[in-house]
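TrEMBL annotations:
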type	residues	note
ACT_SITE	ASP80	active site, nucleophile
ACT_SITE	TYR214	active site, proton donor
ACT_SITE	HIS270	active site, proton acceptor
COMPBIAS	21-36	compositional bias 'Basic and acidic residues'
DOMAIN	39-106	domain 'AB hydrolase-1'
REGION	1-37	region 'Disordered'
Amino acid sequence: MKEVRRMSKVMWTEDTEMQDPDAKRTQARRGEDRDPLCLPGYGFSEAPKKKGFGIPQYAEVGHRLMLALGYNEYVTQGGDWGSLITRKIAQVYGPKHSKAWHTNTPIGEGPHPTRRPWLLLSYLLFKLSPKEKAGLERTKWFSDKGIGYFKEQSTQPQTLGYSLADSPVGLLGWIYEKLVNWTDEYPWTDDEVLTWISIYWFSRAGPAASVRIYYEVSNQSPEGFARNIETPIPVGHSYFPKELAVLPRSWIKASNPTLVFESEHEGGGHFAAHERPEALVGDLRKMFGKEGPAFGVVPGKTGF
């Protein structure tokens, strides 16, 4: 974790860091701190050396990093794996250290006859809105036609890893389809694509290291990601229509009783921090800024 840049009191756990053109100027004015965490095995961080390095271990690394940087209290934001990691940080280290968290990959458990019977009853009695239907269609598309990569990476990561480490073109093909299919018609430039691929190819641990998290997490949590997701601290959600799982907000709310902030956007997909940085940063400022529902959760560190 030596390469983590000390930018700032928010810890971002994203595969790509937030892009704010006026970030330095705004940070100086508001007194904000941000510490972008490059996940172990990704980018220029070292890869885990032992088996069993799953979400709890990533969360511990993030928490220990914040303590090492001098932040005994902090808030977090994450998308993709960062969402699961920041949630685990909230569950294990909140409310003593982790004070609030935000994600652009919100999840929840759907209707179930025993665990969520009221949701099932509501689903049977009331019609879904056109937007909710579109979200479930997107979710079904991903489950039926977009999940193949996950099956491979969560069962035979090393076999795939040999291919990714052997061919830059193969690595490009493996990642590029996600950049296209997981975004909301984002106009990728050649430089952007090559930058993404180069970070994997020239990473400290090599391109194969980043797929092992799928294997470890799937073996640790065979029941799935939407169970036991309640946290003891405030949480905020940003909704983007081309996320991979787009569930009705009522389902997500039922699984997140400490939800204090929601923001729904008309465009954007899975890589919101890259596609719609202004929108995502704006949501965070609404949540943590003055008059926001999580304003002042870290005493004396409001940024104002």
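Using N, Cα and C of the backbone, Cβ positions are placed for all residues, glycine too.
Taking the features listed in TrEMBL, we show where each one sits on the structure.
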residue : record                       : Cβ within 10 Å
ASP80   : active site, nucleophile     : 22
TYR214  : active site, proton donor    : 19
HIS270  : active site, proton acceptor : 24
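The average pLDDT computed over the domain 'AB hydrolase-1' (39-106) stands at 95.
In the three-state DSSP scheme, HIS270 (active site, proton acceptor) falls into the coil class. For the pair TYR214 (active site, proton donor) and ASP80 (active site, nucleophile), the Cα-Cα distance reads 12 Å. Taking CA atoms as the reference points, HIS270 (active site, proton acceptor) and the residue listed as 'active site, nucleophile' are 8 Å apart. DSSP classifies the residue listed as 'active site, nucleophile' as coil under the three-state reduction. Remark: secondary structure over the domain 'AB hydrolase-1' (39-106) totals 27 helix, 11 strand, 30 coil, with classes taken from DSSP. Under the DSSP three-state reduction, the residue listed as 'active site, proton donor' is assigned to helix.
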